[in-house]
Amino acid sequence: MTEFIPPGTRFHALPSPFPFKRGGALHGARVAYETWGTLAADASNAILIVTGLSPDAHAAANDANPAAGWWEGMVGPGKAIDTDRWFVVCVNSLGSCKGSTGPASLNPATGQPYRLDFPELSIEDGARAAIEVVRALGIEQLACVVGNSMGGMTALAVLMLHPGIARSHVNISGSAQALPFSIAIRSLQREAIRLDPRWNGGHYDDDAYPESGMRMARKLGVITYRSALEWDGRFGRVRLDSDQTDDDPFGLEFQVESYLEGHARRFVRFFDPNCYLYLSRSMDWFDLAEYADGDVLAGLAKIRVEKALAIGANTDILFPVQQQQQVADGLRAGGADAHFIGLESPQGHDAFLVDFDRFGPAVRGFLDAL
């Protein structure tokens with residue numbers, strides 16, 4: 001079992017024990033993070049970024065690691081999240097394999113990876129861990145907490161669990177609860193991993209690794225991260241050249257199939273399967289309605305921020321834009337100056353990672369007005 005930690009990653013030790021929402025606790029756990037910009041003397045210019053399922057804390061290039069980050073087009077000097085003005089902190093989610101303690105990490109009690117002995121992970125656990133980093137940096141109140149995809153859930157949990165922790169919020173392609181379609185897709189992804197004989201109840205290693213299950217899980221994910229409009233525009237029904245196919249009568253024939261296969265193969269050895277299972281399930285469990293007798297809008301209305309922006313792509317099938325509209329409506333009911341923007345992007349759920357021409361101005365306009 002392997003962790004994948006970028007150069008320049010910083011670490012914060014969590015309190016020991018660190019209890020989990022659903023029971024159990026970690027001892028000697030840590031959270032991975034990176035920072036950009038300069039914290040103001042009064043610590044009033046801090047922005048927290050909480051991520052989706054797979055990213056590490058390296059959102060953009062910095063002095064510690066000049067390699068491009070996963071949100072390079074959004075974070076940096078003069079960009080939408082302008083590090084000339086803002087002190088930006090990006091936290092890798094608890095439960096990940098990218099630096100924060102997760103199922104692939106060594107259990108100090110045994111000297112072996114936690115595997116399935118890791119406590120049941122909730123979005124709220126990741127939110128509490130992120131705020132431990134914020135407090136350690138001397139920040140009492142954030143100017144803004146920004147979350148995308150799963151990070152949109154984590155950001156809402158941060159705001160719910162820590163009233164007054166942030167003056168504003170940007171929710172990008174996120175939600176206040178998981179929809180049945182998303183739960184169904186993620187359940188199939190987890191099943192694909194667990195049905196791979198090499199998963200072996202979570203006891204795999206680099207030599208006996210559930211690559212087939214991970215590859216199928218990733219393919220299912222990529223299909224939901226994009227849109228039919230993008231598939232049509234990029235691939236249509238174009239077939240592979242004869243020298244790109246093999247003799248398997250049911251093998252790869254169309255370019256879109258080849259794309260999925262290549263994308264999945266690039267991913268499977270760079271993310272731990274057990275971490276994938278834990279983080280995926282934490283998204284299914286998250287529901288702000290739990291905080292308001294089953295009413296998600298009432299749950300959102302309990303959050304207190306001055307301003308909020310919820311944005312998404314109209315082609316997103318995994319976190320559809322009505323969920324971002326719901327976030328804006330609920331926060332507005334709680335007294336926030338909250339707005340929703342649905343963007344006409346062809347790139348589906350992953351649009352926030354690539355469509356900076358649309359997402360960038362929306363985020364920049366909101367932050368510039370703070």
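Cβ coordinates come from backbone N, Cα and C, glycine included.
The structure displayed is predicted, hence computed values, not measured ones.
What Swiss-Prot annotates here:
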DOMAIN    46-355  domain 'AB hydrolase-1'
REGION    52-55  region 'Important for substrate specificity'
ACT_SITE  Ser149  active site, nucleophile
SITE      Arg186  site 'Important for acyl-CoA specificity'
BINDING   Arg218, Asp350  substrate binding site
ACT_SITE  Asp316  active site
ACT_SITE  His349  active site
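Taking the features listed in Swiss-Prot, we show where each one sits on the structure.
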| residue | record | CB count, 10 Å |
| --- | --- | --- |
| Ser149 | active site, nucleophile | 26 |
| Arg186 | site 'Important for acyl-CoA specificity' | 24 |
| Arg218 | substrate binding site | 25 |
| Asp316 | active site | 27 |
| His349 | active site | 26 |
| Asp350 | substrate binding site | 23 |
Using Cα positions only, nearest of the recorded positions to Arg218 (substrate binding site) (Ser149, Arg186, Asp316, His349): Arg186
Nearest-integer angstrom distance between the alpha carbons (Cα) of Asp350 (substrate binding site) and Asp316 (active site): 8
Inter-residue Cα distance where the pair is His349 (active site) and Ser149 (active site, nucleophile), in Å: 8
Local confidence of the domain 'AB hydrolase-1' (46-355) - pLDDT mean: 97
Local backbone state of Arg186 (site 'Important for acyl-CoA specificity'), from DSSP in three classes: helix
Distance, Asp316 (active site) to His349 (active site) (CA atoms, angstrom): 4
Asp316 (active site) and Arg186 (site 'Important for acyl-CoA specificity'), distance between Cα atoms, whole Å: 16
Three-state secondary structure, His349 (active site) (per DSSP): helix
